[in-house]
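Engineer: Below are the features listed in Swiss-Prot for this protein:
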type: BINDING; residues: Gly36, Asn37, Gly38, Lys39, Gly40, Lys41, Thr42; note: ATP binding site
Amino acid sequence: MSDERYQQRQQRVKEKVDARVAQAQDERGIIIVFTGNGKGKTTAAFGTATRAVGHGKKVGVVQFIKGTWPNGERNLLEPHGVEFQVMATGFTWDTQNRESDTAACREVWQHAKRMLADSSLDMVLLDELTYMVAYDYLPLEEVVQALNERPHQQTVIITGRGCHRDILELADTVSELRPVKHAFDAGVKAQIGIDY
């Protein structure tokens, strides 16, 4: 490709991008969903949260399912004022106790609702929330109501497989991660600093 053709192509791209940027005038918080069966939902969410903290934004995190074991995200972000609330039972496939899992979910959900009502929080990350709805630990209607009633400027990030269609419809941005290849399938153990 000649330099002239390259410049012309890039100019067309610039015009399209500039037109889209000019159309985007609404300033408000958004709902972002990272879903699908591929790796990287939590990683993408925490990358966005880290970016927000780097710009001086106030962020709160609620982790469903993952338990209280240490993880790199928490080690990095808590010293920067990010509040973490974690479902105490951990992986529900380990506990296999619906009653205690539901109670633990409801307890940490109270913190999530508090954060979703807190106008001082610029962002709330609800890691693995989709499972709580899918497993009927939380009523969908209650989750949707809390999302709808949050402060206007607050952004919410939701992660997890199998996101309910009502939450997908409510979301402004949805990314579905698709598995192509995963080291775990080849027998490679989850690695500190990579997977948690």
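Don't overthink the numbers, they just go from 1 along the chain as shown.
Cβ atoms are placed via backbone N, Cα and C, with glycine included.
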Engineer: Of all the binding-site residues here, Asn37, Thr42, which one's CB has the most other CB atoms within 10 A?
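Structural biologist: Its Cβ has the most other Cβ atoms within 10 Å: Thr42.
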Engineer: Taking the centroid of the Cβ atoms of Gly36, Asn37, Gly38, Lys39, Gly40, Lys41, Thr42 as the ATP site, which other residues of that chain lie with their Cβ within 8 Å of it, listed in sequence order?
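Structural biologist: Output for this site, in sequence order: Phe34, Thr35, Thr43, Ala44, Arg161, Leu177, Pro179.
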Engineer: Could you check the binding-site residues Lys39, Lys41 and say which one's CB has the fewest neighbouring CB atoms inside 10 Å?
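Structural biologist: Lys39, out of the binding-site residues Lys39, Lys41, has the fewest neighbouring Cβ atoms within 10 Å.
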Engineer: If you run the three-state DSSP split on Thr42 (ATP binding site), which class comes out?
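Structural biologist: Its secondary structure by DSSP: helix.
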Engineer: According to DSSP, does Gly36 (ATP binding site) fall in a helix, a strand, or coil?
Structural biologist: coil
Engineer: Can you give me the same-chain residues 6 or more apart in sequence from Gly40 (ATP binding site) with a CB-CB distance under 8 Å?
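Structural biologist: Listed in sequence order, they are Phe34, Leu177.
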Engineer: If you draw a 10 Å sphere around the Cβ of Gly36 (ATP binding site), how many other Cβ atoms fall inside it, taking every protein chain shown into account?
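Structural biologist: Excluding its own Cβ, the number within 10 Å is 18.
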Engineer: Taking the Cβ of Gly38 (ATP binding site) as the centre, count every other Cβ atom within 10 Å, in any protein chain shown.
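Structural biologist: For Gly38 (ATP binding site), the count of other Cβ atoms within 10 Å is 16.
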